Structures are given as structure tokens and as C-alpha cells.
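Take this structure first; my questions come after.
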Amino acid sequence: MLPGIVLWICFVLAVEARSPHADLIEELVRDNAFSNRISDNILEDALLDLPDLVRKYKYPFEEHFVTTPDGYILGLHRIPHGRDSNNKPGRKPVAFLMHGLLVSSAEYITMGPGSALAYTLAEEGFDVWLGNARGNYFSRQHTTLNPDDRSDLTYWEFSWDEIGNIDLPTMIDYVLDFTGKPALHYIGMSQGTTTFFVMASLRPEYNKKIISMQALAPVAYMAHNNNSLFSVLTPHLRELEILSSVLGIGGLFPRREIYTRLGIRFCSDGAATQPICSNLIFYLTGRNEDQHNATMLPVLAGHAPAGISVRQLIHFGQSIVDKEFRRYDHGLLRNIQVYGRTTPPSYDLSRISAPVYLHYAPNDPLAELEDVYRLYKELGNPRRFLVPHPKFSHADFLFARDVNTLVYGPMIRFMKLYH
Ligand SMILES: *[C@@H]1O[C@H](CO)[C@@H](O)[C@H](O)[C@H]1NC(C)=O
Ligand SMILES: *[C@@H]1O[C@H](CO)[C@@H](O)[C@H](O)[C@H]1NC(C)=O
């Protein structure tokens, strides 16, 4: 275990030290032309930037920016209508999609038409908006702070508490204002559900802006998490926090071309290393052989990871150690300043009155069944749906072969009941 962690840290530092490579794209195309391993289409999808990727598939794409009260400039993406059906702009119900840890709005797009949720919703008649959390590739700008300043980590002083408490309300208000709607459907995956629970409990006035909340792989309580890497790291959260600030590291896993390069070299069809690559990418989320299709891995690696703060990880670690769902633990003195008490307050889930549909999986190592049941019991207005596949796992909510029939189809039927 320990050598593995040391290797990981070396890898992260090596990626950090590497400057972006201008000739990368040409070089990869040339390499691939010689080895001819992956189709031109997949290579192209891995290399295109997100707006061009969506336009390649003939979908409309808009990029919007909105500034939070504390100065973070967030990138919002929109696919206002479909390509094959519902292909005219018009007054459609809004679906707002929020991504999980380490990724970005791209997670709902990269699998392509016929599979990716953003396209499916557009074809089903929704006006699709995709949020991006502060600190990720699309939301790295700030009115005054600099994410790349290693001597001042102020930019990175946030966890998913701020993403839920500040970013989500800012983005939702912008979308409602822009579309002239009173309310929208919220869809979150993993941390995209955590941040919703933060918003709707700390700022309950936002519940009336939510027609329905569809929670894919819901994460709030993590008391039953049994990941071996986490159990090695979680006893040392405070030390890790101090170490990262001494090293001048506030953010982790920013988007880098080296991931695209590694994805194409080692994860594509025909590469002998493809199974190892699958195991590494899905190490934390678990992997379901029955639903796994490795062909698209180079495309996923071309668009993720997209960057997080150290505190996002520490906060999840606190959820595992404390066995509670509560605000960021700054340590005793700072807790008194921020919360007026020595320990962080719990998020009051009973204040969440919006209808929450929990779509959870039987084999999800990041949303264990006992933890989902506790969440269900404490929410103000919940329903729950177990995905009818015994091995369905965390990442399957995005990448499973049959995700449309197993999850998105039923979910969209629930959403349409409101119209
Ligand atoms: C936790 O994981 C270990 C192996 O990593 C396993 O032996 C044990 O049964 C697991 N415990 C639970 C409660 O799942
Ligand atoms: C895997 O994905 C590729 C690319 O989307 C697709 O062409 C192929 O049919 C899929 N394979 C299976 C077995 O589903």
C-alpha cells in the first residue's frame, strides 16, 4: 500500500512539474498514424476541446460565465435543444446537471450521442445546462485571486461546502434568470449530489426552485466506506492538510495534456496495458465487468481529471472518519470563529423539501447501501430506486453500456411526470 501511495505522489508531482506541450496534438496524431491502434474518431474526441466536441456531433453549444459573490468566475455550458428530435429552440423544461469529484461538465458529454446524458436529455426535449464547480478547468478564473500562485493559496480555500453553498445558488439563479423559468430539474452525480444536499439544507429557500432532484449515486454519509486507500489516509487528514499547504499545493489533478497522452498510449483498444488502465481509473469507484466498455477510455482521459481543491478530498475524508454529514472541520479555534462552536454543525437534511429521487446501486463502494438508507430516512421528501442490476457500481451511472435503459430512461419518465 505505502509504495503505491509514494508512487502516486511522485506521479502527481511529475505531472505538476511538466509544462504544457505545444506540439502534443501533432505528435499524438503522428504516433497513432504509425501504430494505428485507435480509430480516428476516438482520437479526435479525445483531443477536441469540449465546445468543438459537442459541435462535431451537430449539437448546439453555448458557454456562459457567471461570477459568485466571492469572485469565482464559473463556466456554464448549455445544449439548448436536440439534434434528431426536439431540434428547435423553444420553451423547454430546464435540466441542470452537476458533475462529480475530479471531473467537469464533460462527464455528461464525452460518451457521445446515444449514451451521454446531456445528449439524451436534449433529445427528450430538455434545455440542458451543465454546471462547473470552482477550481475545475472551466471555472479557474477569479476576479482577484490566482489559482497558480503557490505562495498564496487563498484561491483554494474551499471544499464542496462552498461549491454547494455559493456556486450552485449562483449558477441556478443565472439559469433561471436567463431562461425566465421559476424552477428547474437538478441532476447530480456523486459529489454533484453532495453539493445539492449542502445547498438545499443550508439555503432551504432554494428548494422551491427545484422541480425535482435526481441523485445518481448519492453521496452524503460515508460511514460505511471501506476503501483501503482511504483507511490508510484518513487518520492523517490534519497532517496531509498541513503538508499540502507547506508544499504550496492547494489544488490537485488539474487538467493536463499528459493525461490525454497517457490515455491514448496505454488505455486504447489494442494496447496491452488497457486492463491495468481500466483498473487504475476505476480503482476508487469500483468496476462492473458486465457493463464496462474500455473502448472510450482515451476519450475519458482526454477530458478528465479536471482539477479539485485539496480541501474537497479532506472534507470527504472527514465524512468517513466522523461518520456524519457535516460542514468542513477547520480545527477547534477556526471552527469557533466560523461556526461559533468547536465542532462543525451537521447539514440538516430534513430541511430539504424538494422531491429527491435517489438512484442508487447495489455494488457502489462510494455510496454503500447503509449510508444511502440513512440519507433516505433523514431527507424531507425522498423516493428511492435501486438500479436493477446486481453488480451496478459507481461509475456505471455514466459509463455503463446499458445506462440508458437501466437508469436514464426511468429517471426521465419521473421528470416528465411534472410536465
Ligand atoms: C472491508 O474490506 C476488507 C478488505 O479490503 C474486507 O475484508 C472486509 O470484509 C470489508 N468490510 C466490510 C464491512 O465490507
Ligand atoms: C464499446 O464502445 C464502442 C465505442 O462507443 C462501441 O463502438 C462498441 O460497440 C462498444 N462495444 C460493446 C461491446 O458494447
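Cβ from N, Cα, C; glycine included.
Sharing the record's features from TrEMBL:
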type	residues	note
SIGNAL	1-17	signal peptide
DOMAIN	51-111	domain 'Partial AB-hydrolase lipase'
ACT_SITE	Ser190	active site, nucleophile
ACT_SITE	Asp364	active site, charge relay system
ACT_SITE	His394	active site, charge relay system
What Cα-Cα separation, expressed in whole Å, is found between His394 (active site, charge relay system) and Asp364 (active site, charge relay system)?
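On Cα coordinates alone, these residues lie 5 Å apart.
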For ligand 1, which among the active-site residues Ser190, Asp364, His394 have a CB under 6 Å from it?
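From Ser190, Asp364, His394, counting a Cβ under 6 Å from ligand 1 as near, there are none.
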In whole Å, how far does the CA atom of Ser190 (active site, nucleophile) lie from that of Asp364 (active site, charge relay system)?
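Approximately 11 Å lies between the Cα of Ser190 (active site, nucleophile) and that of Asp364 (active site, charge relay system).
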Taking all residues of the domain 'Partial AB-hydrolase lipase' (51-111) together, what is their mean pLDDT?
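In the predicted model, the domain 'Partial AB-hydrolase lipase' (51-111) has a mean pLDDT of 97.
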With helix taken as DSSP H, G or I, strand as E or B and everything else coil, how many residues of the domain 'Partial AB-hydrolase lipase' (51-111) land in each class?
10 helix, 19 strand, 32 coil
Are there residues of the same chain, six or more positions away from Asp364 (active site, charge relay system), whose CB falls under 8 angstroms from its CB, and which are they?
Ala217, Gly286, Phe392, Ser393, His394
